[in-house]
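Features of the protein shown, as given by TrEMBL:
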| type | residues | note |
| --- | --- | --- |
| REPEAT | 117-151 | repeat 'PPR' |
| REPEAT | 218-252 | repeat 'PPR' |
| REPEAT | 319-353 | repeat 'PPR' |
| REPEAT | 420-454 | repeat 'PPR' |
| REPEAT | 455-489 | repeat 'PPR' |
| REPEAT | 490-524 | repeat 'PPR' |
| REPEAT | 592-626 | repeat 'PPR' |
| REPEAT | 627-662 | repeat 'PPR' |
Amino acid sequence: NLSNHHDDQARNRSSTSYFHRVSSLCKSGEIREALSLVTEMDFRKIRIGPEIYGEILQGCVYKRNLCTGKQIHARILKKGDFYARNEYIETKLVIFYAKCDALEIAELLFSKLRVRNVFSWAAIIGVKCRIGLVEGALMGFVEMLENGIFPDNFVVPNVCKACGALQWSRFGRGVHGYVVKAGFHDCVFVASSLADMYGKCGVLDEARKVFDEIPERNVVAWNALMVGYVQNGMNEEAIRLFSDMRKEGVEPTRVTVSTCLSASANMGGIEEGKQSHAIAVVNGLELDNILGTSILNFYCKVGLIECAEMIFDRMVEKDVVTWNLLISGYVQQGLVEDAIRMCQSMRLENLKFDCVTLSTLMSAAARTQDSKLGKEVQSYCIRHSLESDIVLASTAVDMYAKCGSIVDAKKVFDSTVQKDLILWNTLLGAYAESGLSGEALRLFYEMQLESVPPNVITWNLIILSLLRNGQVNEAKEMFLQMQSSGIIPNLVSWTTMMNGLVQNGCSEEAILFLRKMQESGLRPNVFSITVALSACANLASLHYGRSIHGYIIRNQRHCSSVSIETSLVDMYAKCGDINKAERVFRSKLYSELPLYNAMISGFAVYGNVKEAIGLYRSLEDMGIKPDSITFTSLLSACNHAGDINQAFEIFTDMVSKHGLKPCLEHYGLMVDLLASAGETDKALRLMEEMPYKPDARMVQSLFATCKKQHKDELVEYLSRQLLESEPDNSGN
């Protein structure tokens, strides 16, 4: 008996030794070697406890080795019920299959469990979350609670992830309540998952509250809130949070830097993005696919294409996404030839074009109105059986419309079997942009007959088509119909109405629509404020203009832009307050050409040649290249003041110094100026030598001067020209 006792002790010691060796091999991923040890144990009649198989299954989990795991499962079944019906082994098998995303087998084994513990529930909820069955994951959480098993801090993050994916904020609040009750709110991983969930649900106040209450925040917590800010368009807050994180000495990860780069790209923050890139370099973060793609995306979005090329060249691993980003960057900058060259290089690397590559090329064709390129891309799609792809079909419709071929756009639309709402809206947009309100309305009713319910974009496009066609009353009626059908007008709806009213000479109504929009709870954006200021300028209404300026000052954070400053200067000048226009200009935050053009134009209206020329010279000193509009305003100022010498100097500058080709309007102003000064011979010579056919206004100006000077031959010659150019004008 004593001998048997010693043998048992030896076997137990040997079994323990083998267990440690098996465990060590499994942790280092050497599953085959671990199995060899188990075979050796079998041969040496050393007891193999369930924990040995548990360790090997855990090793298979580390490596996600489904095939080997199934072989272990088969061995366990052969060993009989002592192993197969062991609670520890049963749970380990459920965990193994769940971690390998084999849901069907995991669920089958889970259904047969006699005892469902927190570990098996965690595995099932986790796998459902990973493969996108998020509702099932939440049902599991509810069932788990009903069965009296309390989810731990491994289950809760998955439940939060499911709530975020579904944007079920009310369910999420319930989970938050459970977390507080269970005392998990101090766990940084649980709190981070709650912050992430609230971020995805758009409840950023709660996300911030959870974040602020975390006793010791790690980088995961910072990242969770930062991502939430970016996903909800709060890019400045994300950048501020990143700054706070650095002050607290928390080391950033690739996720941190990628998120900051996204925020910088979204807000056009070149300096912020460059700093994020520098931090990545300083912290030694490897330029892998994820980080490299984020940096590349940032430089492409802010238009620093040379920096984007440099990053692209430095990246070791480049997939289709990486190539697509640079191709898209080229297209956004109008560098279509470079985009095509990149596509050719991509093919040389044996990478296939995907739908993103092709839709980007289609967009390039649309931007440059190159129907030849567009047709080549579409032919490629047909050859590779991609013509049924709904995204490509929508891009092709848009491309043909922008190239002025509505017929081809309609052909692509008709040949697409599965039409989604985006495709219907794309064709509707094509009709709207062309002012084809009849075709747009027909399509609008047809889509409803096809059981495709219109959304707010659809209604906005219909309203746009009517306004483009001058049908103001019909557009207003359609706006009311949209509201009565249960669709709430968005910012675009109100701004489209306002802009259409201004374009159709109904500026007073446009200002009324701005008020109604604010009453509906929407805050005007930069474009709607610009439109409203344009309406004030048209009405010469200083009262309305000042009210809108007051709103801009009160909401400086949301209303600061070069287009608003430009519109303010233009409005004050056109409303008769040139001094206020100048004060707004002098207190400018931006130094861009449109703003200078507005001020020069304002001076021109008042004939302030000296001030207009002064601004033009300061433009040159700053290295900002003037455009055609600048010279129109300058020549107009000279015209008002009757300053021929200054006008000729500017006209010469335009061609010789700035390489701009004068247009008909520039020649018209010069002819008008010469005619007003009585220099009829010079005016006639300039009119005959210019590379354009004179318009009626130009001839009228010269005709009037010749008549005053009793130059009868010229009067007769010009009257013939006038009657030829405008035979139906009774005034002539």
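Yeah, the Cβs are placed from backbone N, Cα and C, and that goes for glycine too.
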Which numbers of helix, strand and coil residues does DSSP report for the repeat 'PPR' (627-662)?
28 helix, 0 strand, 8 coil
Per-region confidence, the repeat 'PPR' (218-252) (mean pLDDT, whole number):
92
Give me the DSSP three-state residue breakdown of the repeat 'PPR' (592-626), ordered helix, strand, coil.
26 helix, 0 strand, 9 coil
